[in-house]
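Student: Dumping the structure here so I can ask a few things about it.
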Amino acid sequence: MKIAFLLAGLLSLTVASHAELMRINLKKADITPADQMLAYSETGAYMAQKYFGSVHRKMKADEANQIIGLDASGKPTYGVPLSNYMNAQYYGEVNVGTPPQTFSVVFDTGSSNFWVPSTHCNSIACFLHRRFDSEKSTTFHPNGTQFAIQYGSGSLEGIISNDNVEVGGAVIKGQDFGESVKEPGLAFAFGKFDGIFGLGYDTISVLGVVPPFYNLVNQKLIDEAVFGFYLAQADGSTGGQMTLGGVDSNHFTGDLQWHNVRRKGYWEIDMSKIQLGDEEVQLNAGAVIDTGSSLIVLGTAMAEMINREIGAKKNYAGQYIIECEKVASLPEFSFFFGSTKYTLQGTDYVLNAGGSCISGFMGMDFPESLGDLWIVGDVFLRKYYSVYDLGKNRVGFAPSK
């Protein structure tokens, strides 16, 4: 009998015949308005850190190409609960080692490495989170290779280790992962997550470490090389759901619309144009679908234009603020991925942080070598269920329900 580990709260989920359904309750954090504003104010620095290594450093073309991945030439369906952190961070739990040590991680399609804090870490951020203790695991195997991931406020540094990793009921044997021994900046200190569980392509994995999802496939722990995301609204009763090895049709309506990956690094697809109200702008851009990002990030000039059109103004922290009473009357905004139109209402692309309404469009200066690039985060993904097909190199969307 196959075991299906799926997260559906109190909802029943139809799965393969003879499958036994396991339900796991989702968590949701209680966050103050002040914490909401802090998280959104940190988003710009975090995104620049995450994608480009430094907020101000100019990248060479070959650096950018390497980051974007241009150098790359009967099983159960598992699910993982996602907790909703102020519409800015969705996270769930994984276990590392034997006996299991539990960590909250961001399931991030915008990166490819899995790391958690180490007991060897003395940074403030580490002391505020759970830390992995290799001495307490009987299945731990040392590696010791040092790694560093550059961020604007410094570098996250650590060592590569090897142990069993359990995610949604599936146990990956001998997974290489990072133990961080130094964590810079406020993004990690104030985050509700302990670490990051990267779901991007192996072409952007630091040191070429095999990402966990690849090992789920390689060890034949799932039927299909597919995972899906449902992200709930902040005012809902759940945080969301991630499925591994299949999709949960209870969380979307209609058929999935598929779009081919254009560059195998991030989950990047073609975007042909955008529309705000009746105005259209033709583009030849890439859209990186990023579950680990809260906003829609685009070039600075375009972001300023869109925010000006919706009446948003910058505050002292550089956030675009709009009067909350105007949100319901804002024009629709649409992405065109290929020829398929995906529409957001003002209530979708404006975030309410305890009475302060923040535009979901954030500007950032991208390296010219990357071309016209947009990072499409949770502002979009709460409206549309998303599926990531590693076997066929495509991304699918359908309206969430």
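Keep in mind that glycine also has a Cβ here, set from the backbone N, Cα and C atoms.
Note that the coordinates shown come from a computational prediction; the quantities given were computed from them, not determined experimentally.
Annotations for this protein, taken from TrEMBL, read as follows:
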SIGNAL    1-19  signal peptide
DOMAIN    90-398  domain 'Peptidase A1'
ACT_SITE  Asp108  active site
DISULFID  Cys121-Cys126  disulfide bond
ACT_SITE  Asp290  active site
DISULFID  Cys324-Cys357  disulfide bond
Student: Going along the chain, which residues six or more apart from Cys126 (disulfide bond) have their CB under 8 A from its CB?
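Tutor: Expected: Pro117, Ser118, Ser180, Glu183.
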Student: Under 8 Å Cβ-Cβ from Asp108 (active site), six or more apart in the same chain: what's there?
Tutor: Ile196, Phe197, Gly198, Leu199, Gly200, Asp290, Thr291, Gly292
Student: I need the CA-to-CA distance for Cys357 (disulfide bond) versus Cys121 (disulfide bond), whole Å please.
Tutor: 37
Student: Limited to the domain 'Peptidase A1' (90-398), I'd like the whole-number average of pLDDT.
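Tutor: Summarising the domain 'Peptidase A1' (90-398) by its mean pLDDT gives 92.
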Student: To the nearest Å, how far is the Cα of Cys121 (disulfide bond) from the Cα of Cys324 (disulfide bond)?
Tutor: 42
Student: Which residues in the same chain, at least 6 apart in sequence, have a Cβ under 8 Å from the Cβ of Cys324 (disulfide bond)?
Tutor: Asn352, Gly355, Ser356, Cys357
Student: Among Cys121, Cys357, all listed as disulfide-bonded residues, which has the most CB atoms within 10 Å of its CB?
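Tutor: Of the disulfide-bonded residues Cys121, Cys357, the most buried by Cβ count within 10 Å is Cys121.
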